[in-house]
Amino acid sequence: MSRKPIIAGNWKMNKNPQEAKAFVEAVASKLPSTDLVDVAVAAPAVDLVTTIESAKDSVLKVAAQNCYFENTGAFTGETSPKVLAEMGADYVVIGHSERRDYFHETDEDINKKAKAIFANGLTPIVCCGESLETYEAGKAVEFVGAQVSAALAGLSAEQVASLVLAYEPIWAIGTGKSATQDDAQNMCKAVRDVVAADFGQEVADKVRVQYGGSVKPENVKDYMACPDVDGALVGGASLEADSFLALLDFLN
């Protein structure tokens, strides 16, 4: 079945509010119709108000880069999914390898966050991916499959069909190494197969799976040609308006 592509830029810990506003103003009027593709940027928490406000009359959607699994309470430094929804965010990225690695997030944390995000009417972009060691040991499919199953446990079939999964091999994030087209296709298909096993083929046919890891305007077309790759989660190439817009040339 045909799934609408989704290109999401992850700014990570970059841009101040003025830079975020300038970026949105530079890209907003040049984006293709939402009939063709969903386009989003994941802004740091300190930029979300400005980014959402700047994007509100355009087709650009806005993601938070993380949230907590409780709506309110004594959780110093955390971001409420309820408030993200009230602010007008569309998506929340969860389970990024940087969060898992540097901030010790577990599969259980990510699962709780996914449930909290849905409870507040937002859509999770759930990241998964393996280290170079796991990849070279030939255990990538098994490892990533376990991450996906754990992240989605207890969600409804309808919820899973509507979310976004982002496969990002850790060895390809910001390293300049990118997975081959075959790697990306095989792993994104493996992710979809896990969804099929856990929730049925109909759900697996609907869920969108992104590839992430050194995606650039020069290679995005190759990845987007893969039958099981429905989009890209893009880091470095999403920081400049021109390179971000160039990522959408795969539509032509």
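Heads up, the Cβ atoms here are built off N, Cα and C, so glycines get one too.
If you check Swiss-Prot, you get these features:
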type	residues	note
BINDING	N10, W11, K12, G174, S214, G235, G236	substrate binding site
ACT_SITE	H96	active site, electrophile
ACT_SITE	E168	active site, proton acceptor
Nearest-integer angstrom distance between the alpha carbons (Cα) of W11 (substrate binding site) and the residue listed as 'active site, proton acceptor': 15
Sparsest Cβ surroundings (other CB atoms within 10 Å) among the recorded positions K12, H96: K12
Same-chain residues at least 6 apart in sequence whose Cβ lies under 8 Å from S214 (substrate binding site): A172, I173, G174, T175, G176, K177, S178, G236
Chain-mates of N10, W11, K12, G174, S214, G235, G236 with C-beta within 8 Å of site centroid, substrate: I173, V234, A237, S238, L239
Binding-site residues: G174, G235, G236 - member with fewest neighbouring CB atoms within 10 Å: G174
Where K12 (substrate binding site) falls in three-state DSSP terms: coil
Chain-internal residues, separated by at least six, CB under 8 A from E168 (active site, proton acceptor): H96, S97, C127, C128, G129, Y211, G212, G213, L233
Annotated substrate contacts N10, W11, K12, G174, S214, G235, G236, maximal Cα-Cα distance (Å, integer): 14
